[in-house]
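Asker: Okay, these came from TrEMBL:
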{"type": "DOMAIN", "residues": "B:75-269", "note": "domain 'ABC transmembrane type-1'"}
{"type": "TRANSMEM", "residues": "B:12-38", "note": "transmembrane segment"}
{"type": "TRANSMEM", "residues": "B:74-97", "note": "transmembrane segment"}
{"type": "TRANSMEM", "residues": "B:109-136", "note": "transmembrane segment"}
{"type": "TRANSMEM", "residues": "B:142-166", "note": "transmembrane segment"}
{"type": "TRANSMEM", "residues": "B:191-212", "note": "transmembrane segment"}
{"type": "TRANSMEM", "residues": "B:232-265", "note": "transmembrane segment"}
């Protein structure tokens, strides 16, 4: 970062006599600084999570919910075959999308960091990848409908170049469409963290590997990938949790062929069956937390972010 | 990056990855361009190609009383909510980012709370807040429960962005200011904040666009007045005209405007700095 212009007001002559002030210990200052963040996260994230933990044991009927300590909500949830089916379906999407976004994200980040020589070009390309992320996910999802539809732009283009006689039917409202939309929405979540890790690798290391006779692939496998492990783990966590928590894309793009964990849960919420919905939420939260904790074991995310 | 001879021959991997990058950008922007184009469909056209003439008919449709009656009001509410979220996110996450530069009791817990809040399935955040409001007998509203739900998403984002900003911040400037006799307030006002300004603008923009487009956290706690994404969502199942695309084009244009203005501001700041350093 370049040196900023000297701002006025710094170079004032030191006051002859320091005013007596309340001296706060540095730790107290830190606590005051993070206070608002802590209060909001506790009040609106931790507390609500506790509330649905409590409500998941409640009894309910068509009229309301009643404090109780029942395990029925969990038993019903865990003994329904639909639960396993929807988890397997979401996991399948999560793994496919994880694989594709990892491939795309790593290669694009590698290209941006090591191949693009001009800083300006790199910034512009990175922004081009990032800008859609700052626009509406709903709009980006429905944007695929006129593109992939039976009479959509893609089918018309295929038929115009005579690659296919009849429009392809599997493109829209299918698991394929769901995966395409996820990749479209979430690849940036991979590119960002991986590019961040790659940018910290000293290019001299790559030259050293090459000079020592390592092939391109050996350099990749033994130098670049181990050093970008944190970025890969962070990106994976983000993509994985987004897919597991999604309820819009599957609902909109699968044409009713698949459900997602959250869309099943949303149906219960709309029917005001809060206790079973809370139990389902708790199971999902635990599941996601376990997966994230597993991925966090690979890297110390905190050490990576705060220094 | 090490100084390399610019005439050095590019390896084949460069061309392979450059093509991948190009295809990815096409994939990223292609479908969006299709809906921008279709939103200018003629009055007799449908939701797919071919274009039957071109018009701004579907944009005018938004303002006509009828099915779209709620769109302009929802648009205004979304902008206001996004502005509030953006302001709060900047104030709170910049302060928290500074606080995290020291270890303090509970820093680990707070850090993981922020991570958890970020990766929590979005709809569940709204569900939890909604349940809480119900248990306490409060009425959910756009500027109470929905605002809170959005902050659980923008604040961790802002905090992590501030970590990245502080990683590149050289503390020597602050020490120099103290040595020159600046008070804590002067140091913050004239040294730390001006240096961090481009990053802070980035956080403001990120929080604004995240809030402006937020759906899953807001939907269960918005009360009886909808934001624009909620209105759009409700339209998806009912509207089968290019009006939906026209709304999409408009809301994306607003996002682009915000992004463009922020980038222009950041570039101007950096130019001024570069000029002053010379």
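Every residue gets a Cβ built from N, Cα and C, even glycine.
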Asker: Who are the chain neighbours of the transmembrane segment (B:142-166) in space, where the CB to CB distance is under 8 Å and they lie at least 6 residues beyond its ends?
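Answerer: The answer is 77, 81, 84-86, 88-90, 92-94, 96-98, 100-101, 114-115, 117-118, 120, 122, 125-126, 129-130, 133, 196, 199-200, 202-203, 206-207, 210-211, 214, 217-218, 221-223, 225, 227.
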Asker: Please report, as numbers and ranges, the same-chain residues at least 6 past the borders of the transmembrane segment (B:74-97) whose CB is under 8 Å from any CB of it.
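Answerer: That would be 142-143, 146-147, 150-151, 154-155, 157-159, 161-163, 165-166, 196, 200, 203-205, 207-212, 225-231, 251, 254.
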Asker: Looking only at the recorded stretches B:109-136, B:191-212, B:232-265, which one has the largest tally of CB-CB distances under 8 Å to the transmembrane segment (B:12-38)?
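Answerer: Between the candidates B:109-136, B:191-212, B:232-265, the best contact partner of the transmembrane segment (B:12-38) is B:232-265.
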